[in-house]
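A quick write-up on the structure given underneath.
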Amino acid sequence: MSSKEKPHLNLVIIGHVDHGKSTMTGHLLYLCGGISEREMAKYEKEAESIGRGSFKFAWVLDKLKEERERGVTIDLAFYKFETNKYYFTIIDAPGHRDFVKNMITGTSQADAAILVVSAGTGEFEAGISATGQTREHALLAKTLGVDQFLVAVNKMDLADYKQERYEEIKNEMGRELKRFGFNLDKVEFVPCSGMDGDNLKDKSTKMPWYKGPTILEALDQFEVPKKPIDKPLRLPVQDVYTITGIGTVPVGRVETGILKPNDEVIFQPTGKKAKVMSIEMHHEQIPKAEPGDNIGFSCKGLSKKDVRRGDVVGHATKPPTVAAEFTAQVQVIRHPSAIAAGYTPVIHAGTAQVAVRFAELVKKMSKGQTEDKPAFLKNGDGAVVKMIPTRDMVIEKYSEFPELGRFAVRDMGQTVAVGIVKDVVPK
Ligand code: GTP
Ligand code: MG
């Protein structure tokens, strides 16, 4: 079967800094025929020339000069590879805390994730600690709707391929994932070495105690998510271009519903209406766009100033909801002190970034206890919060439009909380 016929899945690789995401991704591409022997030899030579031989697989993806010199991923890298069953777009995300914003963007586009955790002494512990990114990434993935998940217990070579270390990590990680709402029956924990290639494609002979699937076998157990074509159209705008001879072209990914030429659409929160002239995907005109399609479309009578990143497109008959206020279930993951009513961080929902006030702390859920109208929220607390945007924005109920009903709360360069929208009071 050629890649055109195989079902497609977007896969993001996440995890704490240096746990081996780029190395594993590069190696998977190599094993699936995405990189030739010759190219690999070239990367190896380049990496060795600056004393970073062990980074040869990471270099396939870390193309920026700064990334190679520092040995960290900064921006997202997109690659394609095929397994027996699927055609994957693989997104290698950065683990460093300074680049979580890029990680969020990558994760919001994914159907499935590999969480890479290192089995190296002290490395797993650093990742899972309060200041590490392992738990933050797992929770963000869950919040952003990535329900298919696999944990790569990586760098098993550093743990002498010992079962004890694997079980220790599986138990501790499993507890956290369960707390975040993952169904552990559906999460594989694969012991592997991204560098040496153990359990990536073929079963490793060094871990006879492990009976589960390899990474590639586990990827083939994922399912293609059902396309929500019956729901009203929602398309968060990523960008807006002006193209000579065509005009203003908003670009974005269809989350729900179907868009066709001649449709009467509305851009919220502004309320600007327009008629769709043509739709393009991968530089080709298409007769209709469905959920998952990344498209650009031209509209009659639309000027560049009528639309901007963060707007949401719907049909004029079923417009996206502009929120006067909304109630959310919020989980605090990392705040340096405490959150009180009045707190106004930026939330990321769809493609929008808007400052939103925590107007009222309605209820707190902490360690099995609930408290009405708490004075503060701290790390680890769950809460029901009434929130008021400081400017017009589209927010939907999570139960109706998951993609526009969940958000990350960012402040001081980090993700302090994540949330799910329970109810919206329209403007
Ligand atoms: P960021 O993108 O910056 O978060 O890092 P990353 O997770 O992509 O890690 P990367 O692949 O850049 O690898 C980090 C370091 O770990 C490099 O020195 C790699 O050679 C090493 N490494 C990666 N995988 C393995 C492995 O399976 N075993 C061992 N021993 N080292 C590994
Ligand atoms: Mg990397």
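Cβ atoms are placed via backbone N, Cα and C, with glycine included.
Source: prediction; values computed, not measured.
Per TrEMBL, these features apply:
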- 6-229: domain 'Tr-type G' (DOMAIN)
- 15-22, 92-96, 154-157: GTP binding site (BINDING)
- Ser22: Mg(2+) binding site (BINDING)
Between Ser22 (Mg(2+) binding site) and Met156 (GTP binding site): CA-CA distance (Å): 16
Binding-site residues whose CB lies under 6 angstroms from ligand 1, from Asp18, Lys21, Ala93, Met156: Asp18, Lys21
Cβ packing number for Lys21 (GTP binding site), 10 Å threshold: 28
Secondary-structure category, per DSSP, in which His96 (GTP binding site) falls: coil
Where the C-beta lies under 6 angstroms from ligand 2, the matching binding-site residues among Gly15, Lys21, Ser22, Ala93, Met156: Lys21, Ser22
Number of Cβ atoms other than its own within 10 Å, given for Gly15 (GTP binding site): 27
Spatial separation of the residue listed as 'Mg(2+) binding site' from His96 (GTP binding site) - C-alpha basis, Å: 12
Integer mean pLDDT for the domain 'Tr-type G' (6-229): 88
Chain-internal residues, separated by at least six, CB under 8 A from Ala93 (GTP binding site): Val12, Ile13, Ile14, Lys21, Thr73, Leu76, Asn102, Met103, Gly106, Thr107, His137
Between the residue listed as 'Mg(2+) binding site' and Gly15 (GTP binding site), the C-alpha gap once rounded to whole angstrom: 10
